[in-house]
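> The structure is given below, and queries will be raised subsequently.
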2 protein chains.
Amino acid sequence: MPSQEVNPDLLKERNTATFDPHEFAVFWAGGEERYKEKKSLEKMFLEDPALKDDLPISYLSHKELYEHSLRKACIIGEKIRKLRAEGEDGVDTYNALLGGSLGAAILKEGNPLTLHYVMFVPTIMGQGTMDQQVEWLSKAWDCEIIGTYAQTELGHGTFLRGLETRADYDARTQEFVINTPSLSAYKWWPGGLGHTANHAVVVAQLYTKGEFRGLAPFIVQLRHSDTHEPLPGIDIGDIGTKLGMKSVNNGYLGLKNVRVPLNNMLMKNQQVLPDGTYVAPKNSVLTYGTMMFVRCALIRDTAQSLAKASTIATRYSAVRRQSPIDPNQPEPQIMDHTTQQLKLFPQIAKSIVFKTTGDGIWNMYNVLSGEIEQGNLDRLPEMHALSCCLKAICSADAAAGVEICRLSCGGHGYMDCSNFPTIYGMTTAVCTYEGENTVMLLQTARYLVKVYGQALNGEKLVPTVAYINDALKERQFVNFDGSLESIVKAFQFVAANKIRIAYEQIEQRRRQGHSTEMAANLSGTFLTAAADLHGRAFLAESAYTELLAVSRQVSPALADVLKVVLELYLVDACLNRIGDFLRFIDLTDKDVTTLEIRLQNCLKQLRPNAVTLVDSFDLHDRVLDSVLGAYDGNVYKRIFESTKKNPLNKEPVNEAFHKYLKPFMKAHL
Amino acid sequence: MPSQEVNPDLLKERNTATFDPHEFAVFWAGGEERYKEKKSLEKMFLEDPALKDDLPISYLSHKELYEHSLRKACIIGEKIRKLRAEGEDGVDTYNALLGGSLGAAILKEGNPLTLHYVMFVPTIMGQGTMDQQVEWLSKAWDCEIIGTYAQTELGHGTFLRGLETRADYDARTQEFVINTPSLSAYKWWPGGLGHTANHAVVVAQLYTKGEFRGLAPFIVQLRHSDTHEPLPGIDIGDIGTKLGMKSVNNGYLGLKNVRVPLNNMLMKNQQVLPDGTYVAPKNSVLTYGTMMFVRCALIRDTAQSLAKASTIATRYSAVRRQSPIDPNQPEPQIMDHTTQQLKLFPQIAKSIVFKTTGDGIWNMYNVLSGEIEQGNLDRLPEMHALSCCLKAICSADAAAGVEICRLSCGGHGYMDCSNFPTIYGMTTAVCTYEGENTVMLLQTARYLVKVYGQALNGEKLVPTVAYINDALKERQFVNFDGSLESIVKAFQFVAANKIRIAYEQIEQRRRQGHSTEMAANLSGTFLTAAADLHGRAFLAESAYTELLAVSRQVSPALADVLKVVLELYLVDACLNRIGDFLRFIDLTDKDVTTLEIRLQNCLKQLRPNAVTLVDSFDLHDRVLDSVLGAYDGNVYKRIFESTKKNPLNKEPVNEAFHKYLKPFMKAHL
């Protein structure tokens, strides 16, 4: 679409903003240098005509979509190769292209080569010996081989020890014989496995000398290097259409007596010697690191998804006019309805808080990684517990927020050309992958209940749970004065009480004679509730700390806006858990009404800057890919132009009329 | 798939149930006669091989899907014609085939002919004169013409007075000249409008003798009767792909100086005489009736959607095994995790409560219709207010419940073959169409605030809001003893207080000098919250009344199960609004813990009957259309068989390998 005049309502919004969106955009990108890198990558990728779609992909069949996506994935791969040759392929580049918003601008339903870059290569780096890295890495980096990572099975996900795929070492030939002994053992879900990868890291139960040794990773060639035909013993294909991630080419894999050489087991952590002697790993802690890394990255992704959805819905709400407030006046911008503000603005605030919290956690992770390298594992459990619950909360809230934004756009949000359906599909997937959310909350809760017991014994707890010590001292929360600081403190007090109840529930059931495990299961919903509050208390504190810190570094104009965002976030978060607040803190009906009126005031204060705030997320029109959310706000023109691309509209009369409808209509004549 | 052995875990569940699923199934169907009708329709439609899909429709492109769907729609239309000829086409048949679960079993993404039957024909019946009915109805019933109903425009939805399409009467030729004067005036969304219908009822602003007269409906021919080519002045097509309802062929329509004869305006309620004299309608109340009719029907639809999703997730949760509770035991059925029970069982309970409430409302509507026919409009506002908020609450809860069910199935729920993505798309649509949910809640709230003022003045209120009188008398809620009756009463007390706050907020803003309308807008979020609680209080009371009434009519075994369902529903509903309960009723932390433990006990009590309860919803495997939820529970086999249908798996090597991937992989060699 040629550049058009900007919708006058949007123009008005931009002209009346009280801060400079560029200043915020630079902050959002992570600083001046990253901002420039971002712009340069956008230029390199988004201006390449080969990476533009003439036809929206929602009109393609599953098969067409795969072929279309593989073509683009190869072009991206070629550009990555070029960047790599120039030494320009930093981790940010991979993030942007494979997981981030730039990647989504090109392949919005996912890239069948992503797992090659983000799982296959890193697994060889992390779990291969030096010799193995020499053998495999250059081929993998050059994409001479394309790999994926095959762990989850049709019948087994979360509980890794339940995996059925097995590798039996045959010392005579110095090979492993790999099998998926049943249908439920089939590998299921790996991205690119269907028809793209010709290799995979396959995780299997290792047996040597007839003895079970635990899980191990094996490099398995799946397809012939030249013909791409599946190799003997390999049953492989695409698992089918899905809610989202439609072009990832998720695959299944059955293995029947597939033999791989001894050296194909990645042996950095554990070894099998040629005679079958097994050398166990020194510690298994290191794999926690990778999982935490991924979860920390996901928190930032959820912020990005919510930023996209908020941008689309906010711009549309400035352009769309509906339902007079005053019957004598014309229909207002729907953003002037307070009910609409209550849908949109908390999502904008959450985008910002999830992003700053994600950045904070990322820094914590990096510090921790350094400590782990030096053998100091002290903060690992704390960090693990935190990353689990934040992954669960941010993904669930982001997915819900995307749907709130979509629904706030009425019927138009339901059309694929709004891009909401795709954003939702990609966002809700995060609730399930890399640790299903309920499982995540239970992991956090297990830690919380343990440290609660320690606190009861008078132990001083580590920083992120130290509030439990305070709560045990205070017992009553006095002085709720409504200040932001007291909301944060109150969140911690409430979290401590939810942890107390979970702890008491388990103890009570143990006293009734249940095993610890059964007592925990029977208290499951108390545990997840405790973990939820722990994460929300952390988010509240992080919002408070990080946004005030940023406010001190930016212009007063921007600082003022960020303070409104902070207040809105905290008051809204508090009201969303008001039942817990009222349960543990002595608040009256009037106090709650006061908070509700305060929320309304935050909405009112944010209203003049709402469009400019989402503008400052600086999301390229191609990233948004939405007729409702484009920068120029020409909503109706763009909707209408999208219908012109619909293949069904290329002919005035569809052949189905002649084949089916006409005979039906004339049947009785 | 040939009938297979039933999964042993499911078999065990069925063998240990404490009640007879057939007894419940008959109740669910609406009695013995309806149950038989249902079975007979299923036989007639689901055993016809022409209505079965060899290829799951998720693999089709948008264009292919339309052609496929129109073919099936014509076969259904032919069968309806046959039933009609035999006098067997009762309203239940149309409901089942066009909106209900049987229709969804055949065309799960919707039927492009539905609007012909449910809007075009009824509009002519309701708004045409006798002469007009004679002229149009037989052609329409015989499907000699296919129509749709075109009201919503690209730029205008909820606020009907904002519609731009206009019809100017030309007395010289005795014709109306119909125009969509701008892009935002284009008709948008009507089902079947794209390429299927050749007629439409077009709603337009009527002008005669140069004067504006209000909205009127016109029959407009869109396409040539033989060639199906769009007629001159008609710009028409399909609006494109969507989140759901993918095969409804929703269309757009631009009209440029399209002339229709005087007699094409439907004139039962208002008339234009040949000279252009306008005769206004006597009252506009009757259209409320249709809207209420539709909303009452939608409440039952949401129950059905939730029943489908619960059935799939519950059966899957009995078959899937994961994550040991006791580390020395094998992985349990995931339904044994209490966290899983808390996801599933409230959805089962809501399905039942929404269904019985929907039936109750349906009966109320029928009584009311009779009263309206006799000129008694007394209960119209009350019923309107109730139908609005129930439509909003049931659709929102059902959509959320479908997602909870999907997420409870982990990754497998994300696959289209689970059928969750389609069920969600169809269910969430109800939040938007036939009155967007926030608008619905505001309409209810307007009524509530009005009657609150009447109650303050000492007036005695009508039955569904009489609890406001009680609350004004009592002020304090004492005697919360946790009985089901007291939970219902507490819900009403809480609702009355939310209405009070909304009323006070408006009054306060009026005192500050705002107009009533602006005061209402500024209090918008208080208003929607009040309407939400009103609806939930009604649902609580209805659950209590209806389920106890049913319990008295059925076997003691079934009655016992229904009582658990009722308690689970009420305790869960109360805990979901616990913030409001704590705000207005003097409850302690301990009271809340007691409720939470009680919820756990309900889950435990329901556990042995969960599978049999969903079995009794009696949803045909074709209706569920889910590899996870089939009656036999052969989950993994069915998933695997579904991948064999995937067109991408018909060839071992996709041509995109040769075209794109191989050149990319070999580029550097």
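A Cβ is built for glycine as well, from the same backbone N, Cα and C atoms used for every other residue.
Copying in the features that TrEMBL gives for the protein in this structure:
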- A:Glu434: active site, proton acceptor (ACT_SITE)
- A:Thr152, A:Gly191: FAD binding site (BINDING)
- A:20-146: domain 'Acyl-coenzyme A oxidase N-terminal' (DOMAIN)
- A:149-258: domain 'Acyl-CoA oxidase/dehydrogenase middle' (DOMAIN)
- A:288-449: domain 'Acyl-CoA oxidase C-alpha1' (DOMAIN)
- A:484-666: domain 'Acyl-CoA oxidase C-terminal' (DOMAIN)
> By a simple count, how many Cβ atoms lie within 10 Å of the Cβ of A:Gly191 (FAD binding site), its own Cβ left out?
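I get 24 for this one.
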> If you measure Cβ to Cβ, which of the recorded positions A:Thr152, A:Gly191, A:Glu434 are under 8 Å from chain B?
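Going by the Cβ criterion (under 8 Å to chain B), the qualifying recorded positions are A:Thr152.
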> Using a 10 Å radius around each Cβ and all protein chains in view, which of these recorded positions has the most neighbours: A:Thr152, A:Glu434?
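Per the Cβ count within 10 Å, the most buried is A:Thr152.
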> Taking DSSP states H, G and I as helix and E and B as strand, how many residues of the domain 'Acyl-coenzyme A oxidase N-terminal' (A:20-146) are helix, strand and coil?
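Counts, helix then strand then coil: 95 helix, 0 strand, 32 coil.
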> Would you kindly give the Cα-Cα distance separating A:Thr152 (FAD binding site) and the residue listed as 'active site, proton acceptor', rounded to the nearest Å?
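Answer for this pair: 11 Å between alpha carbons.
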> Give the residue counts of the domain 'Acyl-CoA oxidase/dehydrogenase middle' (A:149-258) per reduced DSSP state, in the order helix, strand, coil.
6 helix, 51 strand, 53 coil
> Calculate the per-residue pLDDT averaged over the domain 'Acyl-CoA oxidase C-terminal' (A:484-666) and state the result as an integer.
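For the domain 'Acyl-CoA oxidase C-terminal' (A:484-666), the model's average pLDDT rounds to 97.
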